[in-house]
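According to TrEMBL, the protein carries these features:
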type     : residues  : note
DOMAIN   : B:95-304  : domain 'ABC transmembrane type-1'
TRANSMEM : B:12-30   : transmembrane segment
TRANSMEM : B:99-118  : transmembrane segment
TRANSMEM : B:130-157 : transmembrane segment
TRANSMEM : B:177-197 : transmembrane segment
TRANSMEM : B:239-261 : transmembrane segment
TRANSMEM : B:281-304 : transmembrane segment
Amino acid sequence: MSDVILKVENLDVHFRSSASIVKAVNGVNITLKKKETLGIVGESGSGKSVTATALMRLLPKGIGSIPNGKITFNGKDILSLSDKEMRDVRGNEIAMIFQDPMTSLNPVFTVGDQIEEAVRTHQQMSKKEAKKKAIEMLKVVGIPEPEKRVKMYPHEFSGGMRQRVMIAIALSCNPKLLIADEPTTALDVTVQAQILELMKSLQEKNDTSIIMITHDLGVVWEMCDKVIVMYAGNTVESGTVETIYENPLHPYTWGLLESQITKNTLNGDKLPAIPGSPPDLRNPIPGCNFADRCPYAKEICSTTKPQPIEVELGHIVSCHFQTNSNRLERKERVYIE
Amino acid sequence: MGKYILKRLVDLLPTIFVVAIIVFVITRLIPGDPAAVMLGPQASVEDIQELRDDLGLNEPLHTQFLQYIGDLVQGDFGVSLTYNQPVISLIMDRFPNTLVLAFSALVIALLIGIPAGIISASKQNSVMDYTVMVISLIGVSIPIFWLGVMLVLYFSVNLGWFPATGMGTMDEGFITYIKHLVLPSITLATIPMATFARITRSSMLEVISQDYIKTARAKGLKEFFVIGKHAFKNALTPILTVLGMQVSALLGGAVLTETIFSWPGMGRLIVDAIDKRDFVVVQGTVLFIAIIFVLVNLLIDVLYKIVNPRVNYSSGKGGEGK
């Protein structure tokens with residue numbers, strides 16, 4: 001158990017809006033070991049990014065709150081740290097990279113300044129040493145002519161290069177955990193592969209654990225050891241990549257898997273899509289959040305919340321009809337309208 | 001950059017020429033005769049005509065204009081009709097006074113207005129934010145002459161803390177000098193201060209929601225640096241624009257404030273000159289202010305480049321900087 005780097009238990013995140021409370025994340029559990037990569041997948045608004053932001057304790061002040069749950073990172077109880085202690089964790093032990101490299105670098109400082117700042121925030125280092133470190137980091141992430149590039153501003157870099165700079169900033173303090181919030185979504189496909197490759201090789205080298213937030217299942221298969229499938233703030237299914245890929249059990253996971261482009265779609269078949277949209281999280285519904293859109297839903301689904309059940313070792317599903325004694329029969333092509 | 005500044009300085013010449021024409025025409029269009037004003041109501045028509053001849057006012061307009069421009073090219077702003085002194089020396093007498101007042105007002109406005117705007121934005125919708133916004137709304141809308149008079153009534157007449165009018169000299173001691181400066185500076189600072197607070201707040205609010213602010217927080221930076229360094233530098237461009245306008249306006253002389261406090265600055269020089277139909281002084285001072293405007297604008301454009309590396313003055317189209 002000692003190599004567990006991050007343990008999240010029953011995490012709830014709420015947002016206060018003018019008239020109501022949005023329950024953005026409900027009871028999420030994560031166990032992540034050293035060097036492991038966890039994928040969090042789900043559609044927009046499912047709570048993936050909110051979960052990640054909560055781990056960094058960067059929820060908007062006065063609006064986001066964590067009413068329940070426990071986050072243990074590297075033996076520390078994250079939620080009970082002081083603001084100063086938390087700042088020492090951020091960027092140092094847990095680093096984060098964001099979706100859009102075009103906007104996540106500060107346009108008025110050179111990339112060198114931005115890397116040096118990350119280093120000098122957490123390590124005693126002279127300006128000169130930090131500059132050297134910045135050049136070294138640019139080299140590590142594969143930016144040519146780092147001595148020249150280090151003096152340039154973000155607008156002089158392409159999207160892929162900027163994401164490399166973001167990775168350089170994130171990894172400059174050798175974090176134990178890297179949270180990547182859709183790191184490749186804004187990049188074009190050829191660059192995506194390079195960035196993933198880079199992350200993988202740096203993970204190997206530094207023994208970093210990664211949480212990869214994405215809605216791209218391809219990225220998950222490529223990068224991850226474990227997956228959490230989120231829907232409307234809840235974990236609907238979690239397990240190793242192999243189990244989720246070979247033996248998915250939740251109807252929502254089936255829908256996600258079917259909505260990928262395959263040879264058949266290329267041959268002219270309609271691309272399956274899950275009809276409807278996620279429920280309004282301001283008004284919690286008594287039953288399963290997915291019931292309205294689920295082609296297998298029965299009466300119980302809209303009245304009672306399904307409990308998470310471990311159907312096989314490490315494979316957890318929350319569905320009334322996927323239990324140890326009872327299995328739902330998966331039908332073909334139910335997601336085509 | 002050096003090339004750009006040089007080009008802008010050359011561009012100054014046509015601007016000044018156009019201003020010179022406009023001022024010349026306007027001063028001639030104002031009803032009233034300087035000769036009549038100088039000689040007073042008892043003067044005879046013959047006396048007035050004689051003085052007009054002496055002053056060259058009976059020459060055809062185009063001759064007067066050519067004369068004026070000719071002198072200007074040689075750096076001669078002319079001789080005041082009423083003071084009988086070169087205009088340039090009148091300006092040089094008054095401008096330092098305006099400079100002192102403008103500078104202290106600007107310092108007050110910046111030191112209070114910008115931090116107020118930053119705090120207001122970083123604590124949006126808090127009591128603090130509302131307080132700053134209400135005060136700054138009052139600040140931009142308050143009539144300056146009223147505020148000045150109220151300050152005098154309270155702090156000079158009632159409390160006797162500061163002198164009501166006039167400008168102290170260094171000979172009377174530094175403290176006296178500063179005491180004379182306090183009330184006019186506060187009066188003059190009110191509008192710029194409120195304007196800075198408002199523009200800083202709105203500019204900061206726009207920046208604070210950007211992704212790179214999240215990146216800065218995720219690095220583990222202190223909130224002070226996140227807001228004061230990462231957000232503020234990005235929010236500076238619109239603040240600089242406002243700064244430029246305020247500085248130009250302050251250096252041009254503050255007519256109301258200078259009048260209330262009998263401050264011997266540029267503003268009063270112009271108003272007196274207009275009153276006495278002293279064309280030469282009006283032309284000279286307006287032209288002088290126009291040059292200051294253009295120079296301040298140039299300075300602000302250079303600052304844009306320093307603050308924001310994406311501003312590019314060297315490539316063709318963006319070359320005008322505005």
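Placement of Cβ uses the backbone N, Cα and C atoms for every residue, glycine included.
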Best-contacting stretch, by C-beta pairs under 8 Å, relative to the transmembrane segment (B:130-157) and drawn from B:12-30, B:177-197, B:239-261:
B:177-197
For the transmembrane segment (B:177-197), the distant same-chain contacts (Cβ-Cβ under 8 Å, at least six residues beyond its ends) come to 100-102, 104-106, 108-110, 112-114, 116-117, 120, 132, 135-140, 142, 144, 147-148, 151-152, 155-156, 161-164, 166-170, 239, 242-243, 246, 250, 254, 257-258, 260-261, 263
What stretch, picked from B:99-118, B:239-261, B:281-304, has the most CB pairs under 8 A with the transmembrane segment (B:12-30)?
B:281-304
Who are the long-range neighbours of the transmembrane segment (B:239-261) in its own chain, taking Cβ under 8 Å and residues 6 or more past its ends?
94, 98-99, 101-102, 105-106, 109-110, 114, 144-145, 148-149, 152, 164-166, 183-184, 187-188, 192, 195-196, 199-200, 203, 267-271, 285, 289, 292-293, 296-297, 299-300, 303-304, 307
For the transmembrane segment (B:281-304), sequence-distant contacts whose Cβ falls under 8 Å of one of its Cβ atoms, 6 or more beyond its ends
1, 5, 8-9, 12, 15-16, 19-20, 23-24, 27, 68, 72, 77-78, 80-83, 87-88, 90-91, 95, 237, 240-241, 243-244, 247-248, 251-253, 266, 269-270, 273-274, 311, 313, 321-322
So what's near the transmembrane segment (B:99-118) in sequence-distant terms, Cβ-Cβ under 8 Å and 6+ beyond its ends?
132, 136, 181, 184-186, 188-189, 192-201, 203-204, 227-228, 232, 239, 243, 246-247, 250-251, 254, 257-258, 263, 265
